[in-house]
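Asker: Annotation source TrEMBL lists L-histidine binding site at GLU171, MET172, THR173, ARG202, GLN216, ASP220, ARG360, TYR364, TYR365. The domain 'Aminoacyl-transfer RNA synthetases class-II family profile' annotation in TrEMBL covers 101-423. Annotation comment: TrEMBL describes 82-101 as region 'Disordered'.
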Amino acid sequence: MKRSGLSRATGGTIMLFAAAASTSVWMGHRTAVAAFTTTSTRSLFSHSRRQCAFRLSSTASSGGGGRVSNAVTDASLFDKTTDKKKKKEKKVGLETNPPKGTRDFYPEDMRMRTWLFEEWRSVAKAFGFNEYDAPVLESEALYTRKAGEDVTQQLYNFVDKGERKVALRPEMTPSLARMVMARGKNGLSMPLKWFSIPQCWRYERMTRGRRREHFQWNMDIWGIPGVQVEAELLSAMVTFFKKVGLTSDDVGIKVNSRLVISEVLTELGIPPEKFAATCVLVDKLDKVPLDAIQGDLEELGLSREVVEKLVKVLTNNSIESIAEVLSPDSEAVKQLRSLLDLCEAYGISDWIMFDASIIRGLAYYTGVVFEAFDRKGELRAIAGGGRYDNLLEAFGGDPTPAAGFGFGDAVIVELLKERNLLPTFDTSGVDTVVFAMNEDLYGVAIQVASTLRTQTGQSVDVVLENKKTKWVFKHADRIGAKFCLIVAPDEYANGQVSIKNMESGEQTPVSIDALADWAKEQTE
């Protein structure tokens, strides 16, 4: 056979299989090609790439000193002729922080939240209110009012898969109005005294005590037009403050009436249909200078001169001075004086102060408005509310008198921390840890735990795995358990268990049959 293998290569690229086959023929092996396709192929791929390149280049160089093909001597040929990926795709790590402006509630956080909610609930129930709830997802139309309120611009809103415009609720009052309309006044017994603790969402700038989600205690009374409603609501608010240890030196409540600004605007010749939008803008004056909203005011037809007169009136902090500005038979003055008299009857006058600048930023308020504040001035408003008699009518329902307040969770927690009044929530609330010293007694431990849970109401944590006694005592101490109950062989043989008082360290035997009596003694 003619010698025309690798030794005569002239630099062109020679395929790997052809090179190997030609070399084998030159060596005189008639079965070289067949052998290569079986044994040699396995050998090539089972050895390192460098060994493969060395064998082929050595074979080629024995043919007479001709130039050797790069295809043969290239040690990286294996990588170049396969589609093996050299680099693994970089894994994207999980973002462990919650979305900006939101919170995780770990067990200790949940204990604090539960405590706060129960304090709110206890006050609401003491005042005869019933709890209700509504979906966190509502129709966007509930909130897109046309008065320039910030809440309209702060919606978490989107179009769902059914092409419906929806939003996460930024406040609860519109949902309450929708629920009242759904039943109709004939289907509901008036007056209504309802409360709720919803989670609300607003995409707004975050500051201390302000997040993009928060829980809010709402108390509302529907069906009564008089200021007796506002006085009752203010009393409930003060009752909560007292309950958590705050005094009138810590917190004050500013009150005003939208009727004041309405009467002033009437005197200044501003038409009634512009009252709500004007109130929304004026409410911003404690946050931004007049120049910042001058353009919006001019669009409503309010000149700078009119606004300056209005602001001058609203800087008054006594009803007497307001009475001198308004007409002698001012309904606003009568309303405010009646409210302050009722606050005196409730015994909360030291918490209440008149402030004509309190407007509140929601357009639907129609009468008395109020706002609880930190007297040190370090925190934003703690709570706020007022009368909104026209809200149901704005949604197409019948006019219905109503008033209520919203009380967020974030600011009050900050205030209680500031005054060192917030309880600690380090302990888990577990009364007794139950532990079996060996697997044979685990069934007894379960029975003992069940007795304490069902017959005494104790919170009981059963150790579910095989642990040493020393670990169990540390575990009980770590979670703040009051007692550690041990089911041990010797005591169990006598029908007893051993119970350690985690505070005193005293350990005593107790009859299994007398566990319910023992637990009762601990609560006395």
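Cβ from N, Cα, C; glycine included.
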Asker: Have a look around GLU171 (L-histidine binding site) and count the other CB atoms within 10 A of its CB, chains all included.
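Answerer: Summing over all protein chains shown, GLU171 (L-histidine binding site) has 18 other Cβ atoms within 10 Å.
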Asker: Return the count of C-beta atoms lying within 10 angstroms of the C-beta of GLN216 (L-histidine binding site), excluding that atom itself.
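Answerer: I get 20 for this one.
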Asker: Just checking a number: largest C-alpha distance across GLU171, MET172, THR173, ARG202, GLN216, ASP220, ARG360, TYR364, TYR365 for the L-histidine site, rounded to a whole Å.
Answerer: 21
Asker: Highest CB neighbour count within 10 A among the binding-site residues THR173, ARG360, TYR365?
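Answerer: Max Cβ neighbours within 10 Å, all protein chains included: TYR365.
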Asker: For the domain 'Aminoacyl-transfer RNA synthetases class-II family profile' (101-423), what is the mean per-residue pLDDT, to the nearest integer?
Answerer: 89
